[in-house]
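K.L.:
In case it's useful when we look at the structure, here is the feature table from TrEMBL:
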- 10-220: domain 'YjeF N-terminal' (DOMAIN)
- 58-62, 134-140, Asp163, Ala262, Gly316, His360, Asp429: (6S)-NADPHX binding site (BINDING)
- Asn59, Asp130, Ser166: K(+) binding site (BINDING)
- 227-485: domain 'YjeF C-terminal' (DOMAIN)
- Lys397, Gly398, Ser399, Thr400, Thr401, Gly428: AMP binding site (BINDING)
Amino acid sequence: MRTAYRTETVRAAEAALMAELPEGALMRRAAAGLAAACAGLLPRVYGSRVVVLAGSGDNGGDALYAGARLARRGAGVTALLLGSPGEDGRPKAHRAALAALRAAGGADRPASAVAGDPAAALAGADLVLDGVTGIGGRGGLRPEAAALARAARASGAALVAVDLPSGVDADTGTVDGEAVRADVTVTFGAYKPGLLIDPARAYAGALRLVDIGLTPPAGEVAAEALQHADVAALLPHPAAESDKYRRGVVGVVAGSARYPGAAVLCVSGALRGGAGAVRYAGPAGEAVLARHPETLVHPGGPAEAGRVQSWVIGPGLGDTPGVEAVLASDVPVLVDADGLRLLDPAAVRARPAPTLLTPHAGEAAALLGRPREDVEAGRLSAARELAAAYGATVLLKGSTTVVASPDPKDPVRVNPTGTPWLATAGTGDVLSGLAGSLLAAGLAPRDAASVAAYLHGLAARRASHGAPVAAYDVAEALSGAWRDVTED
Ligand SMILES: NC(=O)C1=CN([C@@H]2O[C@H](COP(=O)(O)OP(=O)(O)OC[C@H]3O[C@@H](n4cnc5c(N)ncnc54)[C@H](OP(=O)(O)O)[C@@H]3O)[C@@H](O)[C@H]2O)[C@@H](O)CC1
Ligand SMILES: Nc1ncnc2c1ncn2[C@@H]1O[C@H](COP(=O)(O)OP(=O)(O)O)[C@@H](O)[C@H]1O
Ligand SMILES: [K+]
């Protein structure tokens, strides 16, 4: 499990550790890890050209110390100082780190001296270190830093963010203005939620974690991302004495005369999610049977379909009734797509069994009564708010899929798999069938949602290999994704 902690947690853990260590020890550890990561990105350190963008805080200190280490190994290092002016009129900078850089032969200039032509200041650089702001930054980059960040991006140099890409919000993943677009982010002690959640995640590039001995309390994880082993441990496995009913039956209420394909896709996901059988209740039975003859098809509504261990309702449903009947059941229910329209929070809250909602940003925005852009800019808080309002687990789909449970003490789960090629019609139907099937197989809603998102994203990558995919390709790749995870 990859775990992420909020800034206040990281700072508290840092303070506790600093009390036990000689002054400056933590920063030296951070800088040593950072310099080693930079050296690994350069063909050779000796003779390479490194530019350090250094803010006035400890983030700038880390970058300057790392610059000093690279300078001692023969790199030509220049620091551009971005801090606001001190009493002497020069930009403020971490004093000891700047002294170390100078002692190692590095040069420094106020960033204002290159403001007229930032591109020239960065021309010829092999590597740029972004030490403008870390966890102490507030809001997007100021204009001087933004101009240098753009020039760094355009220069073709490897751009390494120190702790965080400057300009992103560490705790929420929001980006309020301009931010550094890094190739690699070297973060210290612990991941921060913003490194895992879009839009900020897209600015971070590849992530490297440097161990500096920090141990934030396990009870204070703010966000977590499953990895193969976590998913393998959560997946259902049939035992020797299993039969199809003991493995769980998932009921699917999806599709309509207008959208029969949604039913087919939802069932295709459900058949590959570990339940022993899939019951389909709705008007698209013929289309479902044509593709999936193993489905137990019931032409009537869900009330007449027989016993199930979970329901999935919503994909392609149109105005077909059924949501009330399903919500009245005493088994876990997943509500997606059309099922989410006009969903009554009180009815969901009153359910005796868990509910899982799987909106995309537009559906979440409608449920929250605010613009879609707000949800996309603040995925973590949107998912949490919805989970609280409905007393339900929420899987918010999109470029970063986020799973929030109704208990605010549970960390949000952030899905690390997937590809933008998934943004194609019908893939959400496959996902809801898959997650519903995992619910029927006995997984808790948070686990069913995050495991489904993980496998779905992995299947999409397998099916895509960099080319467009259709929703059905994703469904067909699910078994391979399952095998990837369990055979690792
Ligand atoms: N925690 C740990 O365990 C460890 C932490 N360590 C490191 O410490 C870092 C945190 O350092 P920190 O607290 O000094 O804050 P930091 O991120 O340097 O920024 C502060 C300065 O930035 C400026 N500024 C603010 N907003 C801005 C903007 N929008 N655009 C431009 N500038 C802006 C503002 O300065 P001003 O220019 O206003 O004087 C402010 O004073 C952390 O990320 C990690 O790298 C490691 O050394 C070891 C272990
Ligand atoms: N930019 C993106 N990057 C990665 N995955 C995405 C992106 N946009 C959408 N997705 C994923 O694609 C799927 C689309 O689901 P959904 O919006 O419900 O589509 P549909 O209703 O057509 O099935 C979800 O799994 C979602 O997380
Ligand atoms: K930074």
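The chain as shown is numbered from 1 upward.
Placement of Cβ uses the backbone N, Cα and C atoms for every residue, glycine included.
TrEMBL entries are annotated by machine, without manual review.
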K.L.:
Any idea what the Cα distance is from Gly398 (AMP binding site) over to His360 ((6S)-NADPHX binding site), rounded to a whole Å?
P.N.:
6
K.L.:
Need this for a regression test: binding-site residues Asn59, Asp130, Ser166, Lys397, filtered to those with Cα within 10 Å of His360 ((6S)-NADPHX binding site). What's left?
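P.N.:
Passing the 10 Å Cα cut: Lys397.
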K.L.:
Cβ under 6 Å from an atom of ligand 3: which of these binding-site residues qualify? The list is Asn59, Ser166, His360, Thr401.
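P.N.:
Within range of ligand 3: Asn59, Ser166.
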K.L.:
Would you say which of the binding-site residues Asp58, Asp163 has the most Cβ atoms within 10 Å of its own Cβ?
P.N.:
Asp163
K.L.:
Roughly where does the domain 'YjeF N-terminal' (10-220) sit in mean pLDDT, to the nearest integer?
P.N.:
97
K.L.:
Would you mind listing, in sequence order, the residues at least six apart from Ile135 ((6S)-NADPHX binding site) in the same chain with a Cβ closer than 8 Å to its Cβ?
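P.N.:
Expected: Thr7, Val10, Arg11, Asn59, Asp163, Leu164, Ala170, Lys192.
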K.L.:
State the three-class DSSP label for Asn59 (K(+) binding site), counting H, G and I as helix, E and B as strand, and everything else as coil.
P.N.:
helix
K.L.:
For a quick check of packing: other C-beta atoms within 10 Å of the C-beta of Asp130 (K(+) binding site), how many?
P.N.:
33
K.L.:
Return only the integer: C-alpha distance in Å from Ser399 (AMP binding site) to Arg138 ((6S)-NADPHX binding site).
P.N.:
24
K.L.:
In three-state terms from DSSP, label Thr401 (AMP binding site) for me.
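P.N.:
Reduced to three states, the DSSP call for Thr401 (AMP binding site) is coil.
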K.L.:
Near ligand 1, meaning Cβ under 6 Å from any of its atoms: which of the binding-site residues Asp58, Asn59, Ile135, Arg138, Ser399, Thr400 fit that description?
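P.N.:
With ligand 1 as the reference and 6 Å as the Cβ limit, the list reads Asp58, Asn59, Ile135, Arg138.
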K.L.:
Could you round the CA separation between Thr401 (AMP binding site) and Asp58 ((6S)-NADPHX binding site) to a whole angstrom and send it over?
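P.N.:
That separation, Cα to Cα, works out to 32 Å.
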K.L.:
Near ligand 2, which of the binding-site residues show up if the criterion is a Cβ under 6 Å from one of its atoms? Options: Gly61, Asp130, Arg138, Ser166, Gly398, Gly428.
P.N.:
Gly398, Gly428
